[in-house]
């Protein structure tokens, strides 16, 4: 009954918002998962997908790259070319001390984290033939968490047995992550570095799995960023990316409602024009030799206050891919 009521309220509200957004963004398109040819998330299936022909879309159909700025790193690191934007770094540096405040600006990530981890654990275990029911299912895997922030993803990955490296271009984020990780002997083994994916590539670092969750919408050049992620991945290794769809519904919920009505996030946290559609992300990853095998949407239930995995990728979504070993 509660689920039915939630569905009716969402449809009624969504219809009004859609009329407003169609007027404001007449050229935008909603998510169309059927165009992707990618299966939706399930806990058991190992089905693969038909790749999208990169020649089917011209480069002009993708968001145009913006100039890559220089990023100031920590005192121990030199300034290096990066796909990150300086204004985005400043934005997150301003709220870095609230990373572990579950009721603070990062509350949505804390609430979403168990659902993100369910997808990560299941897909990595399936790909690397690990037991997802094990106490340490990711043992033996080297994982890098790109844009790790305060470490809210890095720590549970370490607890699941992975050897984790967390990197972030904001030095304050890394300091917070280190202090918090040191509170637990298991997570104190995490290697935190104030650096960028591009710098790791220059250093020749390689990982079994590369995580970039809620990061790509903040970079200046998504295509170059994904090439860096691919360069960090071992052949047949895994890449997991989550982001927000550039859809009218995402503007209504992830931007307008979350930042201006519910005040879950500081105003200006997200720029709708910087979001990628699932189709665009798949194409960008394919051009970086990463083949997307699986995709899922995140759906928030306001009655339970929880996020769920779904085949609805119209707002938040996550993709799992593997690096072409050829």
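Note that Cβ sites are derived from N, Cα and C of the backbone, with glycine treated the same way.
TrEMBL does not curate its annotations; it predicts them automatically.
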Using TrEMBL as the reference, determine which range in 51-79, 80-108 is annotated region 'Disordered'.
51-79
Taking only the binding-site residues 116, 147, 168, which one has a CA atom nearest to the CA atom of residue 214 (Mg(2+) binding site)?
147
Rank aside, I only need the closest one: which of the binding-site residues 116, 147, 168 has its C-alpha nearest to that of residue 217 (Mg(2+) binding site)?
147
Spatial separation of residue 147 (S-adenosyl-L-methionine binding site) from residue 218 (Mg(2+) binding site) - C-alpha basis, Å:
10
Compute all pairwise C-alpha distances among 116, 147, 168, 213, the residues listed as binding S-adenosyl-L-methionine, and give the largest one in whole angstrom.
19
